[in-house]
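A.B. asks: A single structure is presented below for examination.
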There are 2 protein chains.
Amino acid sequence: MATLGASKKHKVTVVGSGNWGTTMAKLVAENVKAYPTIFDETVRMWVFEEEVIIPKESRHYDAGSEASSKPQKLSQLINTVHENVKYLPGITLPTNVVAEPDLPSSVKDSTILVFVLPHQFIARVCDQIKGKIVPYARAICCTKGVDVSENGIRLMSETIGMRLSIYCGALSGANIASEIAQEKYSETTVAYDPPPMDSRAPTPSGSPTSSQVDLISPSKPIPSARSARLKALPSEYPPLSHENVRKLFHRPYFHVRIVDDVAGVSLGGALKNIIAIAAGFVDGLGWGDNAKAAVMRVGILEMVKFGKAFFEDSVKTSTFTEESCGVADVITSCMGGRNFRCAKKATQTGQSIFEIEQQDLNGQKLQGTSTAYEVNEFLKSQGLENDFPLFTAVYLILEGKAKPEQIPELIEPK
Amino acid sequence: MATLGASKKHKVTVVGSGNWGTTMAKLVAENVKAYPTIFDETVRMWVFEEEVIIPKESRHYDAGSEASSKPQKLSQLINTVHENVKYLPGITLPTNVVAEPDLPSSVKDSTILVFVLPHQFIARVCDQIKGKIVPYARAICCTKGVDVSENGIRLMSETIGMRLSIYCGALSGANIASEIAQEKYSETTVAYDPPPMDSRAPTPSGSPTSSQVDLISPSKPIPSARSARLKALPSEYPPLSHENVRKLFHRPYFHVRIVDDVAGVSLGGALKNIIAIAAGFVDGLGWGDNAKAAVMRVGILEMVKFGKAFFEDSVKTSTFTEESCGVADVITSCMGGRNFRCAKKATQTGQSIFEIEQQDLNGQKLQGTSTAYEVNEFLKSQGLENDFPLFTAVYLILEGKAKPEQIPELIEPK
């Protein structure tokens, strides 16, 4: 018996192997070793297979050797040298991280799926593993962002949960993968609050059809009735309580707080980028740290209002004002993130942020601008632009219809 | 009639004329002009009289003139050139700011007293005007800080309220006087929540004796019974509602939010300095913005806990997590305040913060270090050091009993 009353252990798969995915695999692997009665000792990591040449940053680069100049399969390299030489070079992974390039094999029998994929791959990957996972698996989504359009708001965790018919929580915080990989101290927030589940035998036919995979919109909050279709964890497993989920992620250098509020945690990671742009616009005016702090404070309260307006049943004020995924992530994003930096430079140089983006970001796009447009489109569709004056101010400035100098006036409470 | 049902107007005195006092006088004077039915058009400012020579930074400096090299009375200069040439040079004051060097004359007949004095002068000034103010005057204390010792905690507003037998609120926020004087945008928080008051005729003998001017301690919360001794505002005056108090301070460049929580607002302005030291220690290690944001977040929640532990009846979580006096002031103090800067340099150079203080501050003292010691003395007396691990960690580092590297371990939730 693994633990009292539990004869099985949880197998964990990290779905994704970029720098954040590899970092999550590293810390989860450290934790499964620390709690061998709860978790299986191997952590599988799904690797999108590619041929790589060991770069100079790797611990295994050897200028003279033939092996270092020959392309090799990334998954094999990871399993041989215990380093993701392409996406997290220089960091040694625990030997119990096992790279697996075959997606269905990587998730087989796992009761815990940690999703760390780029936004645009999530739906596709889910469709490829649908029906190939245990029906009572639980997922945690570590990808930041939400899908917002005029039709509504959809959380990444919702996409995963609905497509796989499993419960999906979320992890988000003031986190930079490379710092955590180096074991520099930071914090994160995990949202995990599975509803009561059906404890009868799993029936694959009970999964939702595509027509049931709806967007969340203000008129249609997260349907709690969906929970009836989720399958309970068999009693042979240790419970996936807050305490045990925390054990999977918490490290001495990575402090975890668990909350219930999946929507709040997910929204924080998206909306903070709009705030960072606002803070950058104001900071570029040279108005000092107090003006910047004021914009950040107003922004945090606007996140709260947004969450409560559109997810009223579940979102808590404290998720934004007290947790790493809220206030701390806003602070970090407004100290040095690229949304902040580009917006500041736009004000300072008199250029548009789109020009700065093009000059400075090597073809990459700012998340804050697209989120600001998406959120505005949604607010407009709801007739609520005036209720979110800071979000609306950022949109107006991006559109060239207002100037950063007008922010105090635009957000002044009447 | 000034306003419907109000035949009298509120006279306002700003008690203090340093850079923050003069800035407050400026903005209050702008507001009394904007609301002439509520407030008398003259704002008196008590000036501690001194002889000054017009400095180069003044708009009225004239290298060639004899007047510029001759010492003149500060109050007369202010009333002639409408500039506080010594403490706020370069800023033109509205002509309805009238400097008054005689303390009792400056407060005579004023119904609103805005205290902006250095901490150490408050009690003395109160004793000098006791019995010389209208008994139904109301005060707002704009001086940051609290008195903490092993005996208990006393708010500045408590000192003023008890010594003068009047109600005293508080103003605190992410504010730097010189920036507000230049009308750069910022926000502040005003705490104002007068209890029900005695509407009978004032009886000067009803004021508390010195033995009643007690420290607040955990076993002895703010005595609400004291309110019975406060005199209600006569009905000839416009009411001093939240709305009218906001009108006195709010400007397009200085956004005001009014709350009820005097203790929370006051504690924020003191405890944030301990957090700034913690953030500086961690930032000096080069752990990045996420580590710093984590320490700030933990610090904000420790302020909440402190407030609730020792002022349970009145302190609200939101004062710290949502208002300028809380989260925004913490952010500003941890971005560039001198507590932060000295602590960071101490970690970077391996010197103690006291050595840095001596080298860099020209004989001035950091508020954060003394507050950390005072708070620790108090927590120790209550046996509660372990309940405030970040505050205690700062104390231990100051004492050389811990290192900044240990902060994550010291604040890790068990």
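Including glycine, each Cβ sits where the backbone N, Cα and C put it.
Nobody curates TrEMBL annotations by hand; they come from automatic prediction.
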A.B. asks: In TrEMBL, the NAD(+) site includes B:Gly16, B:Ser17, B:Gly18, B:Asn19, B:Trp20, B:Gly21, B:Phe48, B:Phe121, B:Arg338, B:Lys365, B:Gln367. Which of B:Ala170, B:Ala174, B:Ala177, B:Ala279 does it also list there?
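C.D. replies: Among the candidates, TrEMBL records only B:Ala177 at this NAD(+) site.
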A.B. asks: Just the number: how many Å between the Cα atoms of B:Ala177 (NAD(+) binding site) and B:Asn339 (substrate binding site)?
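C.D. replies: So the alpha carbons of B:Ala177 (NAD(+) binding site) and B:Asn339 (substrate binding site) sit roughly 18 Å from each other.
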A.B. asks: For the NAD(+) site made of B:Gly16, B:Ser17, B:Gly18, B:Asn19, B:Trp20, B:Gly21, B:Phe48, B:Phe121, B:Ala177, B:Arg338, B:Lys365, B:Gln367, how many Å separate the two farthest Cα atoms?
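C.D. replies: Across B:Gly16, B:Ser17, B:Gly18, B:Asn19, B:Trp20, B:Gly21, B:Phe48, B:Phe121, B:Ala177, B:Arg338, B:Lys365, B:Gln367, the widest Cα separation comes out at 27 Å.
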A.B. asks: Using the structure shown, find which entry in B:Lys144, B:Lys272, B:Arg338 (the recorded positions) has the sparsest Cβ neighbourhood within 10 Å.
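C.D. replies: Across B:Lys144, B:Lys272, B:Arg338, these recorded positions, the one with fewest Cβ atoms within 10 Å is B:Arg338.
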A.B. asks: Take the domain 'Glycerol-3-phosphate dehydrogenase NAD-dependent C-terminal' (B:261-408) and count its residues per DSSP category (helix H/G/I, strand E/B, coil), listing them in that order.
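C.D. replies: When I sort the residues of the domain 'Glycerol-3-phosphate dehydrogenase NAD-dependent C-terminal' (B:261-408) into the three classes, I find 117 helix, 0 strand, 31 coil.
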A.B. asks: Sorry to bug you, but what's the C-alpha spacing from B:Lys144 (substrate binding site) to B:Phe48 (NAD(+) binding site), rounded to the closest Å?
C.D. replies: 20
A.B. asks: Here are the binding-site residues: B:Trp20, B:Phe48. Which has the lowest count of other Cβ atoms within 10 Å?
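C.D. replies: Ranked by other Cβ atoms within 10 Å, the binding-site residues B:Trp20, B:Phe48 bottom out at B:Phe48.
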A.B. asks: Between the two most separated Cα atoms in B:Lys144, B:Arg338, B:Asn339, the residues recorded as binding substrate, what distance in Å do you get?
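C.D. replies: Taking every pair among B:Lys144, B:Arg338, B:Asn339, the longest Cα gap is 15 Å.
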A.B. asks: Cβ distance under 8 Å to B:Lys365 (NAD(+) binding site), same chain, sequence separation 6 or more: which residues?
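C.D. replies: Set apart from B:Lys365 (NAD(+) binding site) by at least 6 residues yet with Cβ under 8 Å, we have B:Glu357.
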A.B. asks: What Cα-Cα separation, expressed in whole Å, is found between B:Lys144 (substrate binding site) and B:Lys272 (active site, proton acceptor)?
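C.D. replies: Given the Cα positions, B:Lys144 (substrate binding site) is 11 Å from B:Lys272 (active site, proton acceptor).
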A.B. asks: From the centroid of the CB atoms of B:Lys144, B:Arg338, B:Asn339, the recorded substrate site, which same-chain residues not already listed sit within 8 A by their CB, in sequence order?
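C.D. replies: Surrounding the site, in chain order, are B:Lys272, B:Asn273, B:Ala276, B:Ser333, B:Gly337, B:Leu366, B:Gln367, B:Gly368.
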